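Chemist: Sharing the features that Swiss-Prot gives for it:
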- 1-32: region 'Disordered' (REGION)
- 1-13: compositional bias 'Basic and acidic residues' (COMPBIAS)
- 22-100: coiled coil (COILED)
- Gly302, Cys303, Gly304, Lys305, Thr306, Leu307: ATP binding site (BINDING)
Amino acid sequence: MSESQRHEAREDGFTTPHESGLSSEDAAELEELRREAAALREQLENAVGPQSGLRSARDVHQLEARIDSLAARNAKLMDTLKEARQQLLALREEVDRLGQPPSGYGVLLASHEDDTVDVFTSGRKMRLTCSPNIDVKALKQGQTVRLNEALTVVEAGTFEAVGEISTLREILSDGHRALVVGHADEERIVWLAEPLVSVEHLPDNEVAGPELDDDRPRRLRPGDSLLVDTKAGYAFERIPKAEVEDLVLEEVPDVSYSDIGGLTRQIEQIRDAVELPFLHKDLYREYSLRPPKGVLLYGPPGCGKTLIAKAVANSLAKKMAEVRGDDAREAKSYFLNIKGPELLNKFVGETERHIRLIFQRAREKASEGTPVIVFFDEMDSIFRTRGTGVSSDVETTVVPQLLSEIDGVEGLENVIVIGASNREDMIDPAILRPGRLDVKIKIERPDAEAAQDIFSKYLTEELPVNEDDLAEFGGDRSLTIKAMIEKVVDRMYAEIDDNRFLEVTYANGDKEVMYFKDFNSGAMIQNVVDRAKKYAIKSVLETGQKGLRIQHLLDSIVDEFAENEDLPNTTNPDDWARISGKKGERIVYIRTLVTGKSSSANRAIDTESNLGQYL
């Protein structure tokens, strides 16, 4: 190779064989490439004209632009290829997932030291192995587990949430099994799931007691409803008895004796019957005196029977707190308000079962010495005299159930039964005898003095009073309210023509005029005051004059009497005699004496008719 050729080769970027240390074959190939490069350079020099420099620069720019475009396109193709690869992998995973064999489920019965478990699945009890990912020691009896196609436990689930409802009869001695009663009184032994067993072994300070209804778990007791899987033979959960919850209202009422007006004598009677035995148990034991088991409050409607029962529970709780040295604000007592008519059920035996559950709950809450009052409102609706049923004979079994609960073999301690009724003559005599409902208190209609006391509970000094009425009594608000009450009571109880209501004719020919006052009640007095307050509000809106006036109360009395003119339209004569309380004769004829009534108001009373409001 000449010196000039070596120089050209260096300019082309090639090295000589001696410089590179190549083999003879590589050197020959390199020499061939040099010749080709020289020939191409010569062709290029021959082809380039005068404007070759400008054209070459333009071609370079075009090539660079094309290279950039191809590079961007290549990047997009790479991204598309990557996304397609990811989608392909996802589809492959989905195909693999869809192609997996189905998994089965079972209920864990027991676990063993060799990491095997007993599982109930597909109606069979089987011993299976567990996946290495499963902590066998963490599995709990009754828990749901997932099995693969090889019947290996691969996942631990929760406890079963659906099943049949059975009633707990008793827990067996081992503490892990229970006797339950299902449909058609079918008895069976079931295992208790881990949550139920753990509650049974909790310390007493971590378990809700009979007197507490908080969120803490409580131990099982006979009568509880359990969620049971009859096939697996497991009870998983305690289900609250909603049917009894709807019938029973557990609370400490906020009504005190000071909220009740016109019933001083009746309040004293019921306090002697209910509070003394609880507050002075030692004296009762010293005199061998048995506390009463029940109290009957009877009388016309709207006169405060339910109010007295609530006040008894409130007062009893506070007095017991004082005796124990507890805070009166945290006093505990229970007032089980039984909605009488809702106890009735079309299925035979259901009403009796509800009564048993109610008294069972009362005994549980009274076991810690906390007073419990079981209040039956409208007692005549469910405990009527046996044999008097027209369309059914349900009372023939309901009444004996109550009798056995009150004074049966299993006695009641710290439980008082209070019944309220405005048809005491319909209650079975066996319930009213001494030893059951010992104390019978009549809640009478208020007289003028009692009416003033009741008005004072609703007309208080905090109410806004009209300036004109205040000025009449020298601006003394207390005197103004007192005068209002006296005037409205005098108007309500005055034996004037405007207050005449009915003329009653008895079977012996005697006649008696009955006034609206003979049908007055605490509820009517409250309605009169509420109506007067409404008139005062309308007066503010219409005339701008603020405050309650005596005239508002007097107008309310007139309107209240007018609304009651047509109410006693179909009434049994014997009931009318009992309401009036003056004659024992049977009523054969009544005549309304309300001003403006036509002669059509005169009517004879049929002895077989429905009952009016006032009974």
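Every residue gets a Cβ built from N, Cα and C, even glycine.
Help me see these features in their spatial surroundings.
Modeler: In this view, Leu307 (ATP binding site) is surrounded by 21 other Cβ atoms within 10 Å of its Cβ, with every protein chain counted.
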Chemist: Say we define neighbours as other CB atoms within 10 Å of the CB. Which of the binding-site residues Gly302, Gly304 has the fewest?
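Modeler: Result for the binding-site residues Gly302, Gly304: minimum number of other Cβ atoms within 10 Å at Gly302.
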Chemist: Specify all same-chain residues, apart from the site residues Gly302, Cys303, Gly304, Lys305, Thr306, Leu307, whose Cβ lies within 8 angstroms of the center of the Cβ atoms of the ATP site, ordered by sequence.
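Modeler: So the additional residues around the site are Leu297, Gly299, Pro301, Ile308, Ala420, Ile443, Gly522, Ala523.
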Chemist: Across all chains shown, how many C-beta atoms besides its own are within 10 angstroms of the C-beta of Cys303 (ATP binding site)?
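Modeler: Summing over all protein chains shown, Cys303 (ATP binding site) has 27 other Cβ atoms within 10 Å.
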Chemist: Which chain-mates of Lys305 (ATP binding site) that are at least 6 residues away have a CB under 8 A from its CB, listed by sequence?
Modeler: Leu297, Tyr298, Gly299, Ala420, Asn422, Ile443
Chemist: What is the total of other Cβ atoms whose distance to the Cβ of Thr306 (ATP binding site) is within 10 Å?
Modeler: 19
